[in-house]
Amino acid sequence: MQNNGGSAHVETTCDIGFIGLGVMGNNLTMNLVDHGYRVACFDLDQNKVDAILDKDASERAKDAAPRVEGCSSYTELLSKLKAPHLIILSVPAGDPVDHVCNHLIDAGIQADDIVVDTGNSLWTDSVAREEQYKGKFIFFSTAVSGGEVGARFGPSLMPSGNPYAWTRIEPVLKSIAAKVDAKTGKPIESFVPGKPVLEGEPCATYIGPVGAGHYVKMVHNGIEYADMQLICEAYQIMRDALHMAPAEIAEVFRRWNNGKLNSYLIEISAEVLEQLDPETNQPLVDVILDKAGQKGTGLWTAVSALQVGSPAQTITAAVFARSISSLKEERVAASSVLAGPEASVFDDEQKVSIINKLEQALYCSKICAYAQGFQLMAMAGKEHGWTLDFGEIAKIWRAGCIIRAVFLQSISKAYENNEELANLLMDPYFAEQITEYQGDWRESIAQAALAGIPCPAMMSALSYYDSYRSAVLPANLLQGQRDYFGAHTYQRLDKPAGKKYHIEWSDPARPQTAIKR
Ligand code: 6PG
């Protein structure tokens, strides 16, 4: 017991140590204290430690004891924790994680202490770290989605690692996670400090061995890239083909948000489009430079899809869309050299019809993006020996995370109805949805192509759908080409699978087709 300077007499023993008090760390810590945990905090930047002490002081009840304790070293942090220690890290992915882990070793961390990495780490780094720190402490990883607000009031959590460690961490993570109404699949939210949501299904489930959680989060971000890009393409079609103002487009998004496209990303897109620039009073979106940033998780997803051989072209197209956006100067130069089609003019009735069709195009494309993400997780899971429960993964994405959307309830049902589902597109509900709306989807994309408006993600989604439903693809010709120039061999439809064939293509004695040029 010690006197912390105030009138209250407080326990010095904290339940959890928290290292890294940036935006995410600060908010996760406040989320933990709202759920009754006492947290010892440390950051290399003393200002951040002071900031969280102030925040706790301003948010806790007047006579209540402090719920966080500031520390000025790793050793002090360990000394304030109940044993065995539970330490959560929120530091930038990469070297800073190892930097902290090594300092904790120097400070005397024990073999049965647990260190939980919550950053956007590359999943292979988590696998290596578990091995690297074996015997020194238990390295566990918990991917977090939800940004600042999610971290504060309930994120979606994707924990993975040592199953024994999970038994110790589970109550903590389930308490701070976002909550969902199991029946409707809708988030149960409270954004009031000190009044967390206690009922509902928590958006935290054990994903599997270490690395699996961060892999799943990486794919979540790949889907996030696709989802965002698809919305941006719908925006550009309305903006450039229909000449609508940002506020009008916001209204359309708000309407869509009441239907099957209901999602956090549609909701915030409407808010972004409504925002005025305080300096110029113009729509803020019109003064934001059209160069997209990226921190790498979308790229990692695309690279992994290529390595695993899982078609994820909509996710990859979304990553490339950011790349081409960053070539601003080249695009500006090209815009006055490279010709496009003449702009068409649409009357109000045509506009309404185009917008209605665009809603379906966005929906069908979105289904394909999710289908690609789940297919990628399935293929990677097989490769790495993870038994991923897709029904559960869809469930923990229904609230708290950036891609939270009403239709994740249908995705979780699809996998609950059929655990062996090869592809989301093969689920009877989604297959029927695309059958119903594909005409509008195709028309929207055709219109965009005719108007010269790029929509790489939507187009790739449609190609994915058409490729996936094609019993025969032109890979027969491709195999012929490969065998022609490189004797790479081909298999035959009329012979047992696996047997390889090769012919001398230029042999004049070979039978040739009758029509010769
Ligand atoms: C989340 C977000 C989060 C972060 C992205 C942004 O799930 O909370 O995905 O992880 O905002 O890393 O990524 P980019 O900077 O690459 O867009």
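Using the three backbone atoms N, Cα and C, a Cβ is placed for every residue, glycine included.
TrEMBL annotations: computationally assigned, not manually curated.
Going by TrEMBL, these are the annotated features:
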ACT_SITE  K217  active site, proton acceptor
ACT_SITE  E224  active site, proton donor
BINDING   N120, S145, G146, G147, H220, N221, Y225, K295, R322, R482, H488  substrate binding site
DOMAIN    213-506  domain '6-phosphogluconate dehydrogenase C-terminal'
Sorting the recorded positions G146, K217, R322, H488 by sequence and keeping only those with a Cβ under 6 Å from ligand 1 gives G146
Please give me the CB contact count at 10 A for N120 (substrate binding site), counting all chains in the structure.
20
What is the number of other Cβ atoms found within 10 Å of the Cβ of K217 (active site, proton acceptor)?
27
Under 8 Å Cβ-Cβ from E224 (active site, proton donor), six or more apart in the same chain: what's there?
L265, G298, I402, I403
Over the residue list N120, S145, G146, G147, H220, N221, Y225, K295, R322, R482, H488, recorded for substrate, what is the maximum interresidue Cα distance in Å?
49
Confidence summary for the domain '6-phosphogluconate dehydrogenase C-terminal' (213-506), mean pLDDT rounded:
97
Which residue, of the binding-site residues H220, R322, H488, has its CB surrounded by the fewest other CB atoms within 10 A?
H488
Distance check, please: Cα of R322 (substrate binding site) against Cα of the residue listed as 'active site, proton acceptor', rounded to an integer number of angstrom.
20
Among all the protein chains here, how many other CB atoms are within 10 A of the CB of Y225 (substrate binding site)?
27
Cα proximity to K217 (active site, proton acceptor), best match among binding-site residues N120, G146, Y225, H488:
N120
Per DSSP (three-state), N120 (substrate binding site) is coil
Return the residues near G146 (substrate binding site), defined as same-chain residues 6+ apart in sequence whose C-beta is under 8 angstroms from its C-beta, sorted by sequence, else 'none'.
G154, P155, S156, A178, G400, C401, I402
